[in-house]
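The structure appears below as structure tokens.
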Amino acid sequence: MRRVEGYDMIVLMMAVILTCFGVVMVYSASSVMAAKKFHDGFFFLKRQSLYALIGFIGMGVAMHVDYHVWKKWAVPLFLGTFFLLLLVFVPGIGGTAKGASRWIRLPGFNFQPSELAKVALIMYMAYSLEKRQDKLKQFMSGFFPYMLILGVFIAVLLAQHDMGAALTMLAVAIVMLFAAGTKVQYILGMGLVALPGICYLVFTKAYRMRRITAFLDPWQDPTDAGFQIIQSWLALGTGGFFGQGLGEGKQKLFYLPEAHTDFILSVLGEEMGFIGVVVIASMFLLLVQRSIRVAIAAEDSFGRFLAFGIAILLGLEAFVNMAVVTGLLPTKGIALPFLSYGGSSLIISLCSVGVLLNVSTRMRGAA
């Protein structure tokens, strides 16, 4: 196999541009709220800038680490991440917000282990699929063990009230298994078996039912369950084609909840308009398309599965976030990669891009 020197510069550029633009949008979306809550309009800007710096350093390190090293660390990282997920439940260590226990409290920083768990899952599956790909046509020795492991992780995430992360991990794993050659009937059969459980989880939790009803008809409860999506629509509608101008949005002025986190695209749409949203969506599409090309041209199965999993993760999270913001899906609590405020998501996303970039230096041909 011929080795191609040099990183995929388009992947690198998209990650850097999206992150830098995200820092700007975090400031625009949060400055007024930060000034009122923390008496410092630059509070979230300074923190997000620090997260971006750490993320860029992590990406730079990952770019220069031979991705084959992750084979040795795939299982320890996977098990270690599971331990971190359990630490969330330990009093004094785990942090709770809005009824969800998802964070580990660190000095000056709350770490969300589910973000690391997504990448750890991809690394473990890439390692395992390379070794066991010939067994995937069999149910008990091939497909079922992955579902068993996934079931344990998903149970822990659901106990943390983090259905968004649980569904994301499940979707990424299923796509990776399908790409590796798992029979479609196994996947469809698992879906039919899991359907009653999913319905039970939704219909037995009042807050999840409110999300579903708000998704179907937000105007039925415009001041509570439907409030967030209605304010998001108002922001996007007000932005029109060209937007109100950077920093000129009104919905971020205590109307739109989570304006600098999960719904930052709404602020972007109001200030940069339809054009701005299309540009951001196009950048994500280009990032995912180039990442998949890196996966296809990878020199071995481990690199192929690793790059493909990262591409699917970033693309899926971006798609789901945009779908939620525009009302095409119920709210899930999934951040927009590179743009939403949050250290765990940004740092892990940039580091995963660094791993993917290292894969791009060892390909069978130019991507």
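Glycine is treated like the rest: Cβ placed from N, Cα and C.
Sequence annotations record features per position, and here Swiss-Prot assigns topological domain 'Cytoplasmic' to 1-8 (among others) based on sequence analysis.
What Swiss-Prot records for 30-49 (among others) is topological domain 'Periplasmic'. Sequence-distant neighbours of the topological domain 'Periplasmic' (30-49) (same chain, 6+ residues past either end, Cβ-Cβ under 8 Å): 22-23, 252-254, 259-260, 341, 343, 346.
The topological domain 'Periplasmic' annotation in Swiss-Prot covers 94-138 (among others) and rests on sequence analysis. Within the chain carrying the topological domain 'Periplasmic' (94-138), a Cβ under 8 angstroms from the stretch's Cβ atoms is held by residues 70-71, 73-75, 77-78, 80-82, 84-85, 87-88, 146, 153, 157, 159-162, 165, 168-169, 172-173, 176-177, 180-183, 207, 300-303, 305-306, 309-310, 313, 333, 342-345, 348, 351-352, all 6 or more beyond its ends.
Positions annotated as topological domain 'Cytoplasmic' by Swiss-Prot: 205-225 (among others). The list of residues near the topological domain 'Cytoplasmic' (205-225) in space but at least 6 beyond its ends in sequence, with Cβ under 8 angstroms from a Cβ of it, reads 99, 163, 327, 329-331.
Under 8 Å from some Cβ of the topological domain 'Periplasmic' (247-266) lie the Cβ atoms of residues 22, 25-26, 28-30, 32-33, 44, 227-228, 231-232, 234-236, 238-239, 277, 280, 321-322, 324-325, 331, 333-336, 339-342, all in the same chain and six or more residues away from its ends. The topological domain 'Periplasmic' feature in Swiss-Prot is assigned to 247-266 (among others).
If one looks beyond the topological domain 'Cytoplasmic' (288-304) by at least 6 residues along the same chain, the residues whose Cβ comes under 8 Å of a Cβ in the stretch are 1, 3-4, 8, 10-11, 14, 67-68, 71, 126-127, 129-130, 133, 310-312, 314-315, 318, 356, 359-360, 362-367. Positions annotated as topological domain 'Cytoplasmic' by Swiss-Prot, on the basis of sequence analysis: 288-304 (among others).
Sequence-distant contacts of the topological domain 'Periplasmic' (326-335) (same chain, at least 6 residues past either end, Cβ-Cβ under 8 Å): 100, 162-165, 167-168, 211-212, 214-215, 218, 228-229, 232-233, 236, 261-262, 317, 320, 342, 345. The topological domain 'Periplasmic' annotation in Swiss-Prot covers 326-335 (among others) and is backed by sequence analysis.
The topological domain 'Cytoplasmic' annotation in Swiss-Prot covers 357-367 (among others).
Within the same chain, residues 42, 44-45, 48-49, 52, 55-56, 59, 246-247, 249, 252, 259-260, 264, 267-268, 271, 280, 283-284, 286-287, 290-291, 294, 337-341, 346, 349-350, 353, 356-357, 360 sit at least 6 positions outside the transmembrane segment (9-29) and bring their C-beta atoms closer than 8 Å to a C-beta of that stretch. Residues or ranges marked as transmembrane segment by Swiss-Prot on the basis of sequence analysis: 9-29 (among others).
Summarising the annotation, Swiss-Prot assigns transmembrane segment to 50-70 (among others) and lists sequence analysis as the type of evidence. With a cut-off of 8 Å between Cβ atoms, the residues of this chain six or more beyond the transmembrane segment (50-70) that come close are 7, 15-16, 19-20, 22-23, 77, 123, 126-127, 302-303, 306, 342-343, 346-347, 349-355, 357-359, 362.
Beyond the ends of the transmembrane segment (73-93), by six or more residues, the same chain brings 101-105, 113-114, 116-117, 120-121, 123-124, 126-128, 152-153, 156-157, 159-160 to within a C-beta distance below 8 angstroms of the stretch. Taken from Swiss-Prot, the feature transmembrane segment applies to 73-93 (among others), supported by sequence analysis.
The transmembrane segment feature in Swiss-Prot is assigned to 139-159 (among others).
Residues or ranges marked as transmembrane segment by Swiss-Prot: 162-182 (among others). Packing against the transmembrane segment (162-182) from elsewhere in the chain are residues 100, 102, 114-115, 117-118, 121-122, 125-126, 129, 133, 136-137, 142-143, 146, 150, 153-154, 201, 208, 305, 308-309, 312-313, 316-317, 320, 332-334: each is 6 or more residues past its ends and has a CB under 8 Å from a CB in it.
The list of residues near the transmembrane segment (184-204) in space but at least 6 beyond its ends in sequence, with Cβ under 8 angstroms from a Cβ of it, reads 139, 143, 147, 158, 163, 174, 177-178, 212. The annotation transmembrane segment is assigned in Swiss-Prot to 184-204 (among others) on the grounds of sequence analysis.
Residues or ranges marked as transmembrane segment in Swiss-Prot: 226-246 (among others).
Non-local neighbours of the transmembrane segment (267-287) in the same chain are 10-11, 14-15, 17-18, 21, 25, 28-29, 235-236, 238-252, 256, 259-260, 314-315, 318, 322, 325, 337, 339; each lies 6+ residues outside the stretch with a CB under 8 Å from one of its CB atoms. Taken from Swiss-Prot, the feature transmembrane segment covers 267-287 (among others), and the record attributes it to sequence analysis.
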